[in-house]
Each structure stands twice: as structure tokens, then as C-alpha cells.
Amino acid sequence: MIQSDTEAHDFSRSAMVDDFDGDDGDIAKGTMFTIGDLAREFDVTLRTLRFYEDKGLINPKRDGMNRLYSRRDRARLKLVLMGKRVGFSLTEIKDMLDLYDLRDGQVTQLKVALGRFNEQIAVLEQQKKDIEQALGELRRTTSVVAGLLKEKEAAGQK
């Protein structure tokens, strides 16, 4: 779990600049990851990784029955988890990730991501306002109910 704004920035920055084109030489360089490696690193279940594979969010290579994840898969997984954490659907995350395949130096992907991030900030800010309003109402109601209870107890009612 990310604890601070600095850690969150470092996490998202590293996810954005990780190697999305690095599949070809990964096996030769020994930079492939097993499903267990990624599950432990990101504190997710094996089932979660298989689900993300089924949804096309990550695309591991196969060595017999074993899945081998590249640096690209690892970077995409970082972005998936970050996107989920801030409220994006898996479909929205996949749409943004798929823009990396345009090979335009990530300009299109970054522009689209920036727009979606700003939209999500607005959504979360509204949710925050709604939650604060609901909490205020609940606190006022709690105060009224506590007052009524105190009156009833003082009057000897059970």
C-alpha cells in the first residue's frame, strides 16, 4: 500500500516511464518474471494476474505451462493497479494502455491519460464533497439522537 504523496508520485512516475517496449530481449537478459514474482511484488493473487491476462491488460509469454512476464508486463501491471486505486475501470485502463501500441513516442497516450486523469480528479473531488456532506448530516443526526436518548434516560425511560 502506498503511504505518502511522495511514494505515490514515485510509483506513478516509475510506472509511466518503465519499459513498455522491452519484450524482445527480456528472456536473454534474464529480466523475465514469474507469476509468483509479480504476485509477491505487487501483493496480488495469482488469480488476479490471470484475470488481468484474460482481460488483455498483460500478455505474458509461455514456457510450457509457466507464464513469463516481461518488463513491459510489469510496467503495465503497475499502471493497472494505480488506475484501479484511483477509481478507473479496467476498460478505461486498458484503453489508455493500448495507446502505447501507437508507437508515437507516447504523445497520444500521455495526452489521453492527462485528460482522463483530470476527469477522474473532478469525479473524486465531487465524491469527496458528497461524502463530507453525508458525514455532516450523519453527525447532526447522531447528535440529535444522542440528545433524545439522554432525555429519555434522564426521565427514567428504558
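Cβ coordinates come from backbone N, Cα and C, glycine included.
Predicted automatically and left uncurated, TrEMBL annotations should be read as such.
Now, the feature entries from TrEMBL:
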type   : residues : note
DOMAIN : 32-99    : domain 'HTH merR-type'
COILED : 107-144  : coiled coil
Over the coiled coil (107-144) the mean pLDDT stands at 94
Helix, strand and coil totals (DSSP H, G, I; E, B; other) for the domain 'HTH merR-type' (32-99) = 42 helix, 9 strand, 17 coil
